[in-house]
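Here the structure comes first, spelled out in structure tokens, and everything after it is commentary.
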Amino acid sequence: MKFRGKVARYISEILEEGKTLHFSLFDPDKIFDLDSLHDIASKLIEAGTDVFLIGGTLGISQDKLDNILSILEEFSIPLIIFPSNVNLISNKADAILFLSLLNSDDLYYIVGAQIVAAPIIKRIGLEVLPTAYLIIGHGGTAGHIGRARVIPYDNIELIVSYSLAANYMGMKYIYLEAGSGASETVKPEAIKVVKNTVKDGVVIVGGGVTSEERARNLVLAGADIIVTGNVIERDHQKALKIIKEIKSIRRTSNAIK
């Protein structure tokens, strides 16, 4: 909880330096060996990751979530919860992505879960990062569970319209999600147009970031934050190379202040 109340500023300061942030996503349901988590986290820190993001869609218990956060809080970067439902909240984290799945057909994922979660978040004092969550292309488990009307990869106009609507509703962060295990990322062209249209928004991109080249293309398109999760689980060495690639590129887009 070292960063509670300071996470948004932490993100802004890194962006102001002309750098893209990397978030390492840990899915508690896919962590089978808690003893190795500390070692993996150490290597991710050394490679340059900026935040540990903790979340998943299925099979998450409160005890396991808290145990993972207890291990990760030893490190000097923020811990942010990436919730799939109201059960994924913990006072051991610094902040929470307060998500609204804007392209869901189910009001529960647009505003219902948020109404239930808000008093809990207020009571435990988590820093809130208001985030529009848009599921694009592949969608994956999150798209299925969240009953998303998935936006096609190549429908850039629709992606931009959703992003602009989110910005007008006061959401600071726009998360463009291709889905866990996606065969491709959100198109760099879409990211570029979103960044040029929503100039004061922080654009988060996740899903399909499986190579250094893909990561580089996202950075050059203007992504503010890049999330990797599956590649960390499957191939630590490749994940480390991707992080180093992201952190090696100097951004040319305007930093968010």
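The backbone N, Cα and C atoms fix where each Cβ goes, and this holds for glycine too.
Listed in Swiss-Prot:
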| type | residues | note |
| --- | --- | --- |
| BINDING | Asp27, Thr57 | Mg(2+) binding site |
| BINDING | Tyr175, Leu176, Glu177, Ala178, Gly179, Ser180, Gly181, Gly207, Gly208, Gly229, Asn230 | sn-glycerol 1-phosphate binding site |
Self-check item: Sparsest Cβ surroundings (other CB atoms within 10 Å) among the binding-site residues Gly179, Gly181, Gly208
Solution: Gly181
Exercise. Specify the nearest of the binding-site residues Gly179, Gly181, Asn230 to Asp27 (Mg(2+) binding site), where nearness means the distance between Cα atoms.
Key: Asn230
Practice problem: Quick one: among the binding-site residues Asp27, Glu177, which has the most Cβ atoms sitting within 10 Å of its own Cβ? | Solution: Glu177
Quiz item: Does DSSP give Asn230 (sn-glycerol 1-phosphate binding site) helix, strand or coil?
Solution: helix
Practice problem: Report the same-chain neighbours of Asn230 (sn-glycerol 1-phosphate binding site): residues 6+ apart in sequence with Cβ closer than 8 Å to its Cβ, ordered by sequence. | Solution: Ser180, Gly181, Thr210
